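Participant: Features from Swiss-Prot:
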type: BINDING; residues: Thr235, Ala236, Glu237, Glu289, Ser389; note: L-serine binding site
type: BINDING; residues: Arg266, Arg267, Glu268, Val282, Glu353, Ala354, Ser355, Ser356; note: ATP binding site
Amino acid sequence: MLDIAYIRQNPDEVAAMLRHRQLASEEPKLQQLLECDRQRKELVQRSDEQKALRNKVSKEVAEIKKKGVGSPDELISQMKAVSDAITAMDSRLSELEAEMENLLLALPNKLHPSVPIGRSAEDNMVFGEPVHFEHSLNFPLKNHLELGKALRILDFERGAKVSGAGFPVYVGKGARLERALINFMLDMHTEQHGYTEVFPPFLVNQESLRGTGQWPKFADQVYYIGEDDLYAIPTAEVPLTNLHRGEMVETNALPISYTAYTACFRREAGSYGKDTRGFLRVHQFNKVEMVKFTRPEDSYTALEEIRHHAQAILEALKIPYRVLLLCSGDISANATKCYDIEVWSPAEEKYLEASSCSNFEEYQARRSNIRFKPDSKSKPEFVHTLNGSGLATSRLMVSLLEHYQTADGHIRVPNVLQRYTGFTEI
């Protein structure tokens, strides 16, 4: 959530941000917010004046009663009228503040100056050079669906029977390989990258979704359990960030770095017509997440660290990939800057998103009220929060199976995973 003071002082800058994000249609809401803010300031001033008058009259009534000279009735009547006016103003003030809160929650984050201006994903910039690894694939390739079915390690049909489309089943060595990927990534992040492992809840309350920005904007993307008023997490970013919701974080504890494995659940509303085969679009998938809380001045250095940590996983697995710097029209509403890391699918002959690494600056911290004091004499400030997929296993599994397939239809297990699987080939 943006600071209303920043919006008030920089309305043209916020309007330009909306246009850069291809959200020019939201500008009337910005004007509505500014008008609510103007009315609120006027109302607060009038209410304060009336409260001062009420206090003055109240003292005069007390003085008359104390001296026993004259009648306070006229002043009491005046005080009642003032009190009624204050009640009405306070009621309207509550309405204005609620309206402002809703408008602020819906407003996207500002953009970092380095974010390229563009309309859609076609305008994203390739960051650096694509990274290649040599794999001997000089034979007719099978895609991940064909490999999974032939080797009986993936079963999408039975997953659909149990839960519906988009719920994969890993079987035998496929399940072992998935678990190996998760354990390898967690070990790398905790042992080499300095993260603390967390195993969080997979169900969260609405306040948690609100804190990280998934609510209310993406309410149609999450699974809701009505009887208990809980939501299945779309990403571990939600519970990890909300661990410190409403807290004053110890300054010497910053930066805080968490990593977690969770299953993730997404309805993917509006995905009709998109490629939904196999792992390309699923409702449940596994992901290892990285989340950081930093001082404001350190957050962009931390973003580069998170990106490097995600890339390190792919380099250890020898999976070809590229990094994209997302443009203003494709970046998420919550992020000020975001990198996507895409893995290459040799069978599909295209890149597939496997990780997003984002800086939210104080956007989530303001919504979640996560603060710190730079020093004992300073006022509290909001921390900056960041997150990165480190990584989602579904698209990663596509690339891994296709790159490590052999001419006779088997799968070689990457060297770094063999100590986790206990076998070298599927």
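Using N, Cα and C of the backbone, Cβ positions are placed for all residues, glycine too.
Burial and contacts for the listed features, if you can.
Facilitator: Around Thr235 (L-serine binding site), the C-beta neighbours below 8 angstroms that are at least 6 residues distant in the chain are Thr262, Cys264, Lys287, Glu289, Asn387, Ser389.
Every protein chain shown contributes to the tally, and the Cβ of Ser355 (ATP binding site) ends up with 29 other Cβ atoms within 10 Å. A strand conformation is recorded for Ser355 (ATP binding site) in the three-state DSSP classification.
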Participant: Looking only at Glu268, Glu289, Glu353, which of these binding-site residues has the biggest number of Cβ atoms within 10 Å around its Cβ?
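Facilitator: Output for this query is Glu289.
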Participant: Which has the fewest other Cβ atoms within 10 Å: Ser356, Ser389, the binding-site residues listed?
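Facilitator: Lowest Cβ count within 10 Å among the binding-site residues (Ser356, Ser389) is Ser356.
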Participant: Which three-state DSSP class does Glu289 (L-serine binding site) fall into?
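Facilitator: The residue in question, Glu289 (L-serine binding site), is strand (DSSP, three-state).
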Participant: Compare the C-alpha of Ala236 (L-serine binding site) with the C-alpha of each of the binding-site residues Glu268, Val282, Ser356, and give the closest one.
Facilitator: Ser356
Participant: Arg266, Arg267: which of these binding-site residues has the sparsest Cβ neighbourhood within 10 Å?
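Facilitator: Output over binding-site residues Arg266, Arg267: least Cβ neighbours within 10 Å is Arg267.
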